[in-house]
Amino acid sequence: MEQPPAPKSKLKKLSEDSLTKQPEEVFDVLEKLGEGSYGSVFKAIHKESGQVVAIKQVPVESDVQEIIKEISIMQQCDSPYVVKYYGSYFKNTDLWIVMEYCGAGSVSDIIRLRNKTLTEDEIATILKSTLKGLEYLHFMRKIHRDIKAGNILLNTEGHAKLADFGVAGQLTDTMAKRNTVIGTPFWMAPEVIQEIGYNCVADIWSLGITSIEMAEGKPPYADIHPMRAIFMIPTNPPPTFRKPELWSDDFTDFVKKCLVKSPEQRATATQLLQHPFIKNAKPVSILRELITEGMEIKAKRHEEQQRELEDEEENSDEDELDSHTMVKTSSEGVGTMRATSTMSEGAQTMIEHNSTMLESDLGTMVINSEDEEEEDGTMKRNATSPQVQRPSFMDYFDKQDFKNKSHENCDQSMREPCPMSNNVFPDNWRVPQDGDFDFLKNLSLEELQMRLKALDPMMEREIEELHQRYSAKRQPILDAMDAKKRRQQNF
């Protein structure tokens, strides 16, 4: 793969002259890197300096207040452990946010590409930089609120930087704690889920979960429905490693200090930087081998995809010349072949192969944002806003509607019959209203086993029914709000 030219001078901030030009005059966009919060992220070169940057292109119809908040927080940050912000452009219907480029990608990308979890030494080195980033943010009275391996980026030298401030928040003197449920379900601190108010140490809980994620490939509860996890995190004891005997006492103790359920007793970033597991961390040079390996795999896959696209185009041209083409006589068969090819490619990655729940449900949850205002880069809670009766974490599942609908439209022959059918469970299997379970004594062992086996699917069905009822109540309110906003704009 062709290497970008060496930078002529280090880019610190885009000049006023650069910001008045069209972005295409200032940058050469090279390739798409992936999806961030609210938009797609591209790799580009700043023409004047030759420096590689990342550009997040955000559709204007996205939540503009959240985007402005992300830019505001990034603008205020100046730390080698936080992704730098260079400037923004409006281009047609997109906002272009120009940021520091981290060539190795996220920690979760590297785990996926290599199909390997990280060693203790690698984890300690990454956590040391991450804690320095959190110490800086928390000193600035900012909460990241979405710490996970996917939001810790590595540059090619191995330096870890915090990224994706789409859901970050600002603490002020007049607001000691926040009450909004924001983040990604499996990484959330108990106090965030319970909406009892939280502060900077909520990020420390998420860091503890991230430590387990880096060691085991996925966070605790990743194999179960996120709604169930949301109920389990505040009530269950703090999670631990699946096989504690594989990990050192120092690492186990570090995770234990992060995952203290009481926020008052949880360690701070500054305290954790003095923990033996972090103090004994090795230099970033130990990460170069895994970074090189991950980048080589990524480049190889990119070349394979390009070849496949070229082959498909050639085959398509040949098919058009053939009067009895496969596409014409058996288009469904071709579709099935492509689906199988995609599945086999996905199976090469550990997380996609082992946990479909993880792939589909780890999106970032943003709740109650209507109750927050942006004012001079500072987030403030509106104390006069009416109490919301709806459990706020239900909003996260509204975001999954599109994915769920697309799954429903999948070819039925490619999957087992759905166990969520309304006809699967008799009504008399539901929990008795009076709470009297004495009737269970009269059932046979086989009937009891069937009931036990059916509990999880029944729960899934009831959760889905509850979600649908809330969605039906919520949509008219959203429609009315949209109508009012449109009238105000027209006025």
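Placed from the backbone N, Cα and C atoms, the Cβ positions cover glycine too.
What you are looking at is a predicted structure, and each value in this text was computed from that prediction instead of being measured.
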For the set THR130, THR180, THR364, say which residue Swiss-Prot annotates with phosphothreonine.
THR180
Just to confirm what the record says: which one of SER316, SER406 has phosphoserine annotated in Swiss-Prot?
SER316
Cα of GLU35 (ATP binding site) to Cα of THR117 (phosphothreonine): how many Å, rounded?
22
Using DSSP and three states only, what is THR117 (phosphothreonine)?
coil
What is the total of other Cβ atoms whose distance to the Cβ of GLY39 (ATP binding site) is within 10 Å?
19
Cα-Cα, whole number of Å: VAL41 (ATP binding site) versus THR117 (phosphothreonine)?
25
Give, as a single whole number between 0 and 100, the mean pLDDT over the coiled coil (291-324).
78
Pop the Cα-Cα gap between THR117 (phosphothreonine) and LEU33 (ATP binding site) into the table, whole Å please.
22
